[in-house]
């Protein structure tokens with residue numbers, strides 16, 4: 001080492017030991033300018049990491065929240081908007097055998113890609129991943145709107161589902177970057193309310209568009225709103241990286257992504273959800289295809305567990321997530337409350353159409369009490385959580401109200417009055433409105449910031465898979481209830497009843513037979529509400545098992561951020 005270098009190092013050490021005076025500051029500046037560029041850049045970013053996060057001003061925050069409400073509304077709308085448009089689509093494509101895939105292709109990819117986006121959000125800036133998801137969603141919607149045949153429509157629905165998978169969890173993460181933890185509950189309540197509104201209003205909007213214009217508008221409507229959302233996100237949302245991976249090189253991030261593990265997760269979920277979609281509806285549960293899918297799911301899941309144990313440092317699911325009691329109880333709560341909502345929203349219109357003789361559009365209007373109660377309580381629950389700083393009261397209240405509401409739904413019969421079916425829906429809607437957004441807040445309060453994106457995606461997966469499982473279970477329960485009609489009227493097969501549809505039941509029977517038929521049909525629908533009741537009661541366990549963690553001054557208070565710009569570091 002030369003004397004000049006020794007002198008320089010000695011000077012640097014002396015500057016570290018005592019505050020420099022003005023002359024020393026000049027020397028220090030000169031010395032610093034002689035350091036390697038990489039070292040200076042590293043110091044700048046270390047200083048940057050310690051800067052407090054600056055949340056957006058109220059006007060900018062309003063634009064961000066509005067954009068997320070639009071995105072989540074489109075995501076929820078696409079789940080159910082096709083339901084009442086199916087007859088018009090089948091008239092154009094003459095492909096009745098593909099009807100199930102027009103819905104399931106979207107739900108399949110939306111569910112299976114949840115964890116993919118959870119991993120992507122933890123490794124790359126949320127803004128860019130979210131914009132990518134929006135772009136994919138819009139491309140899928142464009143393919144659907146211009147589809148020349150059924151195959152193209154199925155492909156477009158699948159692509160749109162891949163994009164939609166990143167929208168709900170991405171919206172939660174963008175809100176996490178835009179407001180402190182103790183203020184997020186109210187904002188998340190608005191976004192969740194929009195999702196519930198879209199999910200319930202989808203059939204009504206789809207039927208109106210298909211009748212008054214063309215079914216293609218069910219998908220084309222996504223394009224202008226989707227582009228507007230992309231512009232808002234591009235201009236108003238900051239580029240923020242996850243601090244835990246900000247210093248990783250591209251190679252390190254690819255290793256952390258764990259491509260083999262992610263492929264295994266996708267394969268597992270595809271097998272499971274396909275089995276749930278086919279079982280009890282298209283195929284018997286004991287059919288070779290359903291059993292094969294479940295067996296393959298089990299084998300792949302075991303392989304995935306072995307991979308997680310052996311791949312130290314690059315597991316798909318972190319140790320903190322595996323050991324988090326609150327996350328798994330919140331996941332149970334999310335799965336049960338979401339599934340209870342899906343069951344009720346699926347079979348209440350069937351009750352209105354078959355028993356109250358409502359049209360498809362009219363049955364959608366008759367769900368208005370549930371929709372309004374859901375939206376109002378989502379906002380109130382968010383405000384309550386903001387005020388007290390804990391999610392547990394809203395979770396417990398929501399679980400109890402949902403259980404009471406579901407219990408009252410089981411009292412429906414052919415003579416249920418308007419005041420009863422309106423009031424019971426309101427109570428059930430209040431419970432669901434209290435419940436749906438809370439697990440997302442639990443994740444942000446109990447997990448380290450680097451695990452929040454994957455935790456949010458995991459909660460979204462619980463909600464979707466819970467809905468898929470128990471809607472399939474409810475379908476089996478409903479079909480078993482209709483067997484009684486075949487017992488009383490042997491000349492009418494259960495399959496004929498299902499294919500005829502709820503609104504056309506009177507066409508199959510004489511007027512003298514109809515009262516008995518409607519009674520059995522009503523009982524079959526009510527049996528599905530017992531499934532919702534069991535789920536609602538089980539959600540109480542999830543609410544009670546979640547630890548009481550204050551969101552005011554919580555460790556994850558900064559959400560996923562340390563500063564308002566990217567924390568990307570150059571690889572060494």
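Placement of Cβ uses the backbone N, Cα and C atoms for every residue, glycine included.
Ranges compared are 22-45, 214-237, and TrEMBL records transmembrane segment for 214-237. The recorded stretches the transmembrane segment (424-447) and the transmembrane segment (129-148) do not share 3+ CB pairs below 8 A when only pairs 6 or more apart in sequence are counted, and are therefore not in contact. Model confidence over the domain 'Major facilitator superfamily (MFS) profile' (64-551) is summarised by a mean pLDDT of 83. Highest Cβ contact count with the transmembrane segment (129-148) among the listed stretches 63-87, 187-208, 214-237, 327-352, 364-382 falls to 214-237 (criterion: pairs under 8 Å). Long-range contacts of the transmembrane segment (364-382) within the same chain, counting only residues at least 6 positions beyond its ends with a Cβ under 8 Å from a Cβ of the stretch, are 84, 185-190, 192-193, 196-197, 200-201, 203-204, 207, 344-345, 348-349, 352, 356, 358, 394, 397-398, 421-423, 425-434, 436-438.
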